[in-house]
Structures are given as C-alpha cells and as structure tokens.
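Q: So Swiss-Prot says this about it:
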- 1-15: topological domain 'Cytoplasmic' (TOPO_DOM)
- 16-36: transmembrane segment (TRANSMEM)
- 37-143: topological domain 'Extracellular' (TOPO_DOM)
- Asn39: N-linked glycosylation site (CARBOHYD)
- Asn56: N-linked glycosylation site (CARBOHYD)
- Asn62: N-linked glycosylation site (CARBOHYD)
- Asn102: N-linked glycosylation site (CARBOHYD)
- Asn107: N-linked glycosylation site (CARBOHYD)
- 144-164: transmembrane segment (TRANSMEM)
- 165-177: topological domain 'Cytoplasmic' (TOPO_DOM)
- 178-198: transmembrane segment (TRANSMEM)
- 199-203: topological domain 'Extracellular' (TOPO_DOM)
- 204-224: transmembrane segment (TRANSMEM)
- 225-233: topological domain 'Cytoplasmic' (TOPO_DOM)
- 234-254: transmembrane segment (TRANSMEM)
- 255-259: topological domain 'Extracellular' (TOPO_DOM)
- 260-280: transmembrane segment (TRANSMEM)
- 281-349: topological domain 'Cytoplasmic' (TOPO_DOM)
- 350-368: transmembrane segment (TRANSMEM)
- 369-377: topological domain 'Extracellular' (TOPO_DOM)
- 378-398: transmembrane segment (TRANSMEM)
- 399-406: topological domain 'Cytoplasmic' (TOPO_DOM)
- 407-427: transmembrane segment (TRANSMEM)
- 428-435: topological domain 'Extracellular' (TOPO_DOM)
- 436-456: transmembrane segment (TRANSMEM)
- 457-468: topological domain 'Cytoplasmic' (TOPO_DOM)
- 469-489: transmembrane segment (TRANSMEM)
- 490-494: topological domain 'Extracellular' (TOPO_DOM)
- 495-515: transmembrane segment (TRANSMEM)
- 516-552: topological domain 'Cytoplasmic' (TOPO_DOM)
- 525-552: region 'Disordered' (REGION)
- 529-542: compositional bias 'Basic and acidic residues' (COMPBIAS)
Amino acid sequence: MAFQDLLDQVGGLGRFQILQMLLLCISSLITYPHILLENFTAAVPGHQCWVHILNNNTDSANATGTLSPDALLRISIPLDSNLRPEKCRRFSRPQWQLLNLNRTFPNITDLDTESCVDGWVYDQSIFTSTIVTEWDLVCESQSLKSMAKFLFMAGMLVGSIVYGHLSDRFGRRLIFRCCLLQLAITDTSAAFAPTYLIYCSLRFLAGFSTMSILTNCTVLIVEWTVPRFQVMGMTLSICAACLGQIILGGLAFAIRDWHTLQLVFSVPLFVLFLSSRWLAESARWLIITNRPEEGLKELKKAAHRNGRKNAGDALTMEVLRSAMQEELEAAQIKSSVFDLFRTPNLRKRICLLSFVRFANFMSFFGLILHLQYMGSNVFLFQVLFGAVNLPANCVAFWALNHLGRQVSQTLFLFLLGISILAITFVPQEMQTLRMAVSALGIAVSSVTLMCSFAHGNELTPTVLRVTASGFLGIASNIGAALAPLLMILTVYSPHLPWIIYGVCSILGGLVVPLLPETRNKPLPDSIQEVEKERKDSRKAKPEGTFMKVTQF
C-alpha cells in the first residue's frame, strides 16, 4: 500500500481536487504573462530627436509659415544609411538649403550634427506609453531596456533556488501564498515606480517569486492526484499558461498604456492570494516531514469534500503509517548535488544535459521575450505563439514515442536553430514569411523542451532524480537570464544575438547524440546502474520499469 492508495480511498479526482486544480490553473494563467509583460510594457516605439522648430507648434508656425512637417523634418533631422530619419542625431541648426533639392550644396555627411540633447519625440500610434518612453531608454541608453528583462530572469533563477528549498522545508502552500502576495505587491508597485532603478528592483523581486508560483502549481497538482490523473493535471496547467499568453496579446492590443496593462495583470493576484487561503497543503509533504497528524487531517478533509465520509472515518494513524512506510524510509536517504559528479558516467550525462537545457532555454526565451524584433504586429505574434504551444504537446508525444529521445531532440534543435537564423535574414518587408518562421520556431522550441524534460528524467537515477532536476533547472534559468542580456549586442549588429541563439540550438543538437537513447529502456534506480550502462549496448529488461510518454 502507498500514498496513492490513500488518495484512491479519499477520491483520486473528486470535487476537492477539481477545485484545487481550478485555483492553481488560474494562478498559472495570471502568473505566466508576467514573464512576457515587457514585450509590451518595454516596447520601443518609433522616435526621433526633439527639435525646437519641428516639435514646438507655436514657434514653428510663426517662423516657417506654410512649411509642411516633412519639410521641417528634412531640415532638422539627418538621414541614416537607409535614407530614413536618424533616431539618435539631429542637425545642430536648421539646414534650409536642403529644401531646394536641385541646388548644389556641400555633402550632407559634412553637416554638423549633435545628439538628442533636448530629448526625444515618440510615435504614439501603437503604444501610448512604455517604460522606454517614460525613461528615454533609447540610443545611448537602449541597453538598459535589456537589463530590466535580465534582472527579471535573474530573479527567477535565484528565486527558484531559494524558494525551492523553502518549499521543501516550510511547505508548498505557505511559500505559494507568500509568492503570490510578493508578486502582487512588487508588480503593482512597479506600475508606479518613480525611477528606472526602482522599477528594475521591483521587477527583480517579481521574478524572484514567479518561478516558485508556477513550480508549486505543478507540485500541488501532482501531489494531490493519483498517477492516472497527474498527466491530465499537468497538461491543464501548461494549457492555462498558453491561454495566459493569448489573453496577454489580446489585452495588450486593447490597453496601450504600460501602467494600466501592468495593473491589469497584477491586481488580480491580490484576489488569488485571498482565495488561496482555502488551498490545502500537500498531505504527502506533511507526512514525509514528520507531521502525520496534519497530513491525516488534510486527507480527511479531502474525503469529506469528495463525498467519501466513510473512507475518511476509516483513516487512522496506523493505516497512514502503514501506507507511507516506503515513502518515509525513502525520505530518510539524504542526497547532495555533489553526488551527481562523483562518478564519470553520471557526471558526463549531467554536463551534457545541462548544456542542452542551457541552449534550449536561451533560444526559447530569446524568441518569446523579443517579439518586436520579429515583426511590427507584436500583438498577433503573442496570440499566435500562445496558440502554437498547444498542439506542440501532441507533436512531442508523437516524436518521443516514434522517433526516440535522441533523434527527436537532435532533429528539433536543428530545426529550431535554422528557424532562428532564417528569421534573422528574412527582410522586414516579408511579414507573412517572418510570422510563419517565427511561429515554427516557437512551436519547435516547445517540443524540444518537452523532449529534454523526458530525456533528462530517464537518464538520471531514481535516488538523485529530484536533485538532478533542480540542478538542470539552474542551468536552464541561466540560459533564460542570458537571453535578454545578449540583446545588448545589437549595438554592434542587429543580427548578432539571433545568430548566437541559432548557433546555440544547433550546438545543442550536436551534443544530444552523445547521450544514450532511453526509449523503452528501464529507468535507472541507482548510481551503480548508470555506471554499468554502455551507450547502445544495454538491453531492455522486459520486467523493468520504463517511462511511458502520453499525449499529455
């Protein structure tokens, strides 16, 4: 008998689990868009230097008479190499001679120019305000915009480590509620930040709590459902996050002011925090951490809400201890992250898996965090990317079961790299083609992530699987944090970050064949089993345990 048998007695998927799952999925739906908010709140609108004669309507009317805005622009702003008005330079004084195009005058490149000492004028046709227009994060300060995204992702990295440990020590429910409140306060406050430094600090704290919320949503769903319903619960959580992306695109289209959009996704978190008081703590965690009385109380509460009062009354401490004997013994075995590197074969697997996860997450977040670089209609891109992630689950299921782990990851990582490189060199004018290639890249990146998760779980021994998942998660989050930081390289070349994303994906595809295939192979239970394995030589045991991948 095991804990899953206790759950079967109190109801494997009853009203209690459905209500719990509903609240957690809503939390995923509202939380996930906070990762992508800066696609809109930090969008860069068209801009040019503020010029007295051009942008001061009263003075320009008095001084220039009937000159059109285009004529005023011509004498005030120089042209760049593409014959478009410069965004970061202006003429030191009006160049009246440029009005007469037939007249001979010195080379335009010899005319005196200066930086935008009086600030900028922004195009408000798409975004009425963003953090870029609020704090002039353009030209010499454009790298600061990438720093805001980097700090949020760095917060996710640090938060996943800190809150992951605290969740195991103090409980999933408590940390989940604390993180909901932290995200609500910090991102609501960010909408009113008086300076850019304060805004970045608040976004770092918001990222600190975001990953913990998403992780604990999945953990609480898994720990309160029996195995046959766990994949369904996790799938619903993933679909809720995808739906959150679609809703973000729609609301951002309707709300073009960054303060309002920030509040629309932050204020509902206060309601979720208040609602989460009815969320149940994981009974499994309570029992394993030597709090069996509280665990028994939660199980009886679940039985009562599921309409199984008799089953709840039959639960006693003796029954509980008997059912949880194996789990309690397993919990006494303490593992360390250093155990992952003590033996050569496991060390090799962890290092290779870490690079694959790093490259995969860098490319994935490089795509989803920088929609504006892919095309003009960022709202449609956001909705499309959320939509293509839904069928990606089915593609991953088919690939894992028919192509295997090695082939599927290698194929889709190569395809991801090629897609990103194609986006880089497709002209901006070919918007339909850019949109199609970008959507393909997002779908493929989602497939590779799911394949990587499955492969990683099957390559690590049972005694260290959770520890290995945590370490690989750190490698993943480092890649995610570096993705926005690489956009600083656009000052040297607009294509350079995208080339790095694409090349990293291809390198990841080259690394995957160095890992053993695990399809229909027994899961290793100990480090010794991992060390005895040889690539392509281990025979599957008919009676062995293996991981079955479903469409969920």
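The count begins at 1 with the first shown residue.
For all residues, glycine too, the Cβ spot is worked out from N, Cα and C.
Since this is a predicted model, take the numbers as computed values, not measurements.
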Q: By a Cβ-Cβ criterion of under 8 Å, what residues six or more beyond either terminus of the transmembrane segment (469-489) are in contact with it?
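A: Tertiary neighbours of the transmembrane segment (469-489) are 143, 146-147, 149-150, 153-154, 156-157, 160-161, 164, 211, 337, 340, 350, 353-355, 357-366, 369-370, 456-457, 460, 496-497, 500-501.
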Q: Hey, what's the Cβ neighbour count for Asn39 (N-linked glycosylation site) at 10 Å?
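A: Looking across every protein chain shown, the total is 24.
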Q: Does the structure show the transmembrane segment (495-515) and the transmembrane segment (16-36) touching, where I'm treating 3 or more Cβ pairs under 8 angstroms (sequence separation 6 or more) as a contact?
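A: Counting Cβ pairs under 8 Å (6 or more apart in sequence), the transmembrane segment (495-515) does not reach the transmembrane segment (16-36), since there are fewer than 3.
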Q: State, in range form, which of 178-198, 260-280, 350-368, 378-398, 436-456 has the highest count of Cβ pairs under 8 Å to the transmembrane segment (234-254).
A: 378-398
Q: Using a Cβ cut-off of under 8 Å, list the residues of the same chain at least 6 residues beyond the topological domain 'Cytoplasmic' (1-15) that approach it.
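A: Same-chain residues near the topological domain 'Cytoplasmic' (1-15) but 6 or more away: 224-229, 283-284, 287, 299-300, 302-303, 305-308, 311-312, 314-315, 319-320, 322-324, 326-327.
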Q: Count up the helix, strand and coil residues in the topological domain 'Cytoplasmic' (399-406) according to DSSP, in that order.
A: 6 helix, 0 strand, 2 coil
Q: Restricting to the topological domain 'Cytoplasmic' (225-233), what is the model's mean pLDDT?
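A: Here the predicted model's pLDDT, averaged over the topological domain 'Cytoplasmic' (225-233), is 76.
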Q: Can you break down the topological domain 'Cytoplasmic' (225-233) into helix, strand and coil residue counts using DSSP?
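A: Counting residues per DSSP class in the topological domain 'Cytoplasmic' (225-233), I get 7 helix, 0 strand, 2 coil.
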